[in-house]
Amino acid sequence: MAAGLLPSARAVLALLFLGLALLSVGPAPAQALHNVTAELFGGEAWGTLAAFGDLNSDKQTDLFVLRERNDLIVFLADQSAPYFKPKVKVSLKNFSALVTSVVPGDYDGDSQMDVLLTYFPQNHSNNELGAVIFWGQNQTLDPKNMTILNRTFHDQPLIMDFNGDLIPDVFAITNESSQPQILLGGDLSWHPALTTKSKMRDPHSRAFIDLTEDFTADLFLTTLSASNTFQFEIWENLGGNFSIRSVFEKPKNLVVVGQSAFADFDGDGHMDHLLPGCEDKDCQKSAIYLMRSGTGQWAPVLQDSSNKGTLWGFVPFVHEERPTAIPVPLTLHIGDYNMDGYPDALAILKNTSGSNQQAFLLENVPCNNASCEEVHRMFKVYWDLAGLNLIKDAMVATFFDIYEDGTLDIIVLSKGYTKSDVAIHTLKNNFEADAYFVKVIVLSGLCSSDCPRKITPFGVNQPGPYIMYTTVDANGYLKNGSAGQLSQSAHLALQLPYNVLGLGRSANFLDHLFVGIPRPSGEKSIRKQEWTAIIPNSQLMVIPYPHSVPRSWSAKLYLTPSNIVLLTAVALTGVCVFILAIIAILHWQEKKADDREKRQEAHRFHFDAM
């Protein structure tokens, strides 16, 4: 190349390297939330969101919304705006009832989603709940095809898989006995569940989740001791039978006790027990305690709830004999907002010196004080999250993957739409960072390729499966994560029928992903299967068929390109075009230089000849 071209080439190459440097830096993480309520619901954004599930088996999650005390409206996900449309309706108006809970599930084992409703009858003099099941047919609900259960409940039931047949069962205290009873799905027959001297707490926060690290869901109960002290019991699933393993009390400092929640808080692959509450009866001083798996010791992970001189606290549960609206206990809703592999939470806090209550994001961050040193992590309240702090009089806040892209967005319910109904707000999570995820849903496995009408039952909402992964993080260290599927069902638990597990900034394949399901009485071997080399940013649908032969289970993998991947593809295409342009320019300049040199050589030849 001619020497005269070097400066221009250096300039072009400098521009190229500058572009590549800017590409490698990428956009700064966005923290704001974008309100997309009108885009999702149009003018229908009201009612109490009570449950999630895929009613019509189209692999998109639908919303179950209660309106006007006794109507259930199912908003089906659609491809065009508004993206959730009210398509299915069933009503208990003839019962003059207040519906208190909605639990979708396949209660007869036909691979169609049914819906269990609990309700207060109009004359609820004994304060007990009635229950009715609307049966699914042709991927919808038939308002006339229903079964009224012949027993009433002392509290909202826990939906679990008691006998390991992967048909949901109903666990509750009924009017027939002070001992827990189980309504087995399929034949709808009642049986004694457990024999215990403990009295069940109301409102309870029972759970069906693996707490003994064997991939088999155990039974967690919230009870009262003989001295009326709050306590917790773990009934271990041993060979398909439940036997009591441990009993422990609440933290001594807590006066008001909220609903237990479960998450792999410290990212070690095992479930931890989170307990929100207050250290005084007026909730002037709120806290969240954590019991790490297997330790038996409580440690505070949130104690400071003041912001700029204003003290915020949890909203204590008020027990009403004759409620006029759905009671909402003190609850945390768990989800990995920023996909860093450490689950965050949403909570409702009230200004202790005023009347306003708002939803706040509690971010899971490394511990920075002595009290949480043992668990290494803590919650930090995100006080100024744009979008969330604009919603006043919030009642409930939960996570939901609105656009099925693996990012957990936020839904908030707030008072004030009407006297008996609330407003729905949906906030898109604009968090953009170099983080990855895997989304896992475990189906019932009641059928595989021979499902009725050839429709795979994506939406049967299966309680009990347990998921764990192991991978290597960006620094080369081993990283674990775990979650239980639909472990709680009562008191607006609002758990998703899938799990989104954050992987942090590691784009490595998941080395191992394990899935375990409940097993029936008498079966000693654990039902667990392992998959290897799972691609990040993918959705895995596990079909555990047949149940007792894990090596025969199948998994369908769906890739979900994130915005980062798409932006990178666009930027890479731009860089390639830029490089081709540079090559063309340099080639053209090289050709010009060669032509000039040839002319000079020709002139020199003629001069020498003369």
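Each Cβ is built from the backbone N, Cα and C atoms, and glycine gets one as well.
Here's what Swiss-Prot has on this protein:
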- 1-32: signal peptide (SIGNAL)
- ASN35: N-linked glycosylation site (CARBOHYD)
- ASN94: N-linked glycosylation site (CARBOHYD)
- 98-135: repeat 'FG-GAP 1' (REPEAT)
- ASN123: N-linked glycosylation site (CARBOHYD)
- ASN138: N-linked glycosylation site (CARBOHYD)
- ASN145: N-linked glycosylation site (CARBOHYD)
- ASN150: N-linked glycosylation site (CARBOHYD)
- ASN175: N-linked glycosylation site (CARBOHYD)
- ASN241: N-linked glycosylation site (CARBOHYD)
- ASN351: N-linked glycosylation site (CARBOHYD)
- ASN369: N-linked glycosylation site (CARBOHYD)
- ASN480: N-linked glycosylation site (CARBOHYD)
- 564-584: transmembrane segment (TRANSMEM)
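DSSP assignment over the repeat 'FG-GAP 1' (98-135) gives 0 helix, 22 strand, 16 coil.
Closest in space to ASN35 (N-linked glycosylation site), of the glycosylation sites given as ASN94, ASN241, ASN351, ASN480, is ASN351, taking the CA atom of each residue. Minimal Cβ crowding within 10 Å, among the glycosylation sites ASN241, ASN480, is found at ASN241. The CA atom of ASN150 (N-linked glycosylation site) is located 45 Å away from the CA atom of ASN480 (N-linked glycosylation site). The DSSP secondary structure for ASN138 (N-linked glycosylation site) is coil. Within the same chain, residues at least 6 positions away in sequence whose Cβ sits under 8 Å from that of ASN351 (N-linked glycosylation site) are THR310, LEU311, TRP312, GLN357. Secondary structure at ASN351 (N-linked glycosylation site), taken from DSSP and collapsed to helix, strand or coil, is strand. Classification of ASN480 (N-linked glycosylation site) by DSSP places it within a strand. Averaged across the repeat 'FG-GAP 1' (98-135), pLDDT in this predicted model comes to 89. ASN94 (N-linked glycosylation site) sits 40 Å from ASN241 (N-linked glycosylation site), taking the C-alpha atoms as the reference points. For the recorded site, ASN94 (N-linked glycosylation site), the DSSP three-state label reads helix.
Comparing Cβ neighbour counts within 10 Å across the glycosylation sites ASN145, ASN369, the minimum falls on ASN369.
Inclusion criterion for the glycosylation sites ASN138, ASN145, ASN241, ASN369, ASN480: a C-alpha placed within 10 angstroms of the C-alpha of ASN175 (N-linked glycosylation site); this criterion is met by none of them.
With respect to their backbone Cα atoms, ASN480 (N-linked glycosylation site) and ASN241 (N-linked glycosylation site) stand 29 Å from each other.
Cα separation, ASN369 (N-linked glycosylation site) to ASN241 (N-linked glycosylation site), rounded: 42 Å. Each residue contributes its Cα atom, and for ASN241 (N-linked glycosylation site) and ASN138 (N-linked glycosylation site) those atoms are 35 Å apart.
Neighbour count (other Cβ atoms within 10 Å of the Cβ, all protein chains): 13 for ASN175 (N-linked glycosylation site).
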